[in-house]
């Protein structure tokens, strides 16, 4: 299945039903009074996080979603039925933005999490609502308001504990194949990995973590070179980054310069992402003698100004891989999972919808001193049904 991590959709909430103007008609009750019911509220539009989905490809073809309109009010004080809500399923890890304002509406980070993205219109009021001591036969009603319309930008950001960085052919896909059951494509040419992939590393029956493999970066990626940096967003929720360095590049390039390119592109993309905890990992050490590999790794770390330990592995032979994974697992215990999913993200403020306060103000605008509101008809009164608050 094609991996799609961005989609633009239109959501339209249902309109509110109109209020009804009706009077009680019953034998032996000549003046039954008003009995017009209210309309029903329009249906809302929700997003629902589903862990069984892993791409937004469905929304490249179906781009418009509409909730049901509320029914109109009826006589005998019958309220119209509320419009049915519309629920849109998205993968866990989806960030929702208003495409027009750029406002972040929410992050779908838990299975079955629900988020309202468009609020249905408020119901209209029937003429029963307007009866009073001076107006016992009102002919006023209100119309239902329009449902809210939003254009949304959906951005899928993978939820992983560990993210891998490196130049093309640094051995990232080989590493994820060695530590998990994931089987990304591995070949001897650059950009074998074209889309992100996830692998679950199980240390024992109770301990595990998730690793994300993204396409390699090259110099100028922040300006669109290669596959660009569009996949770096998938590392924003990771707790730790693994910087894989090919200790003996086949193309003869300088490992120090390659490492600096990755760090530079990371900083240009996001300062917060560049400040995440990182582990320096030298891969393909099996191509050199053990002592030569250790000396070269130490020299590269010194030139980079790296402070702290580094790791020497051979992903294809699984040499040193187990020790690296256990060290990562121990680090995971010091970094709570909920922090990793909110770090670098601002908690979205409460989303304001169009009709949140409409019902509070609607009746306050009614003036009872107007001559049109009494029971007696005179030349100053209008004939027929009066519709008020139409928007």
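In case you wondered, yes, glycine gets a Cβ from its N, Cα and C as well.
Noted in Swiss-Prot for the protein shown:
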type	residues	note
DOMAIN	1-159	domain 'Obg'
DOMAIN	160-333	domain 'OBG-type G'
BINDING	166-173, 191-195, 213-216, 283-286, 314-316	GTP binding site
BINDING	173, 193	Mg(2+) binding site
Query raised in the report: Helix, strand or coil at residue 314 (GTP binding site), per DSSP?
Result: strand
Requested in this report: Starting from the Cβ of residue 314 (GTP binding site), draw a 10 Å sphere and report how many other Cβ atoms land inside it.
Outcome: 21
Requested in this report: Could you state the whole-number distance in Å separating the C-alpha atoms of residue 215 (GTP binding site) and residue 173 (Mg(2+) binding site)?
Outcome: 9
**Report entry** Length of the line joining the Cα atoms of residue 284 (GTP binding site) and residue 173 (Mg(2+) binding site), in Å
**Finding:** 13
Query raised in the report: By the DSSP assignment reduced to helix, strand and coil, which category contains residue 173 (Mg(2+) binding site)?
Result: helix
Report task. Rank the binding-site residues 172, 284 by the number of other Cβ atoms within 10 Å of each Cβ and report the first-ranked residue. Result -> 172
Report summary line: Whole-number mean pLDDT, the domain 'OBG-type G' (160-333), equals 79
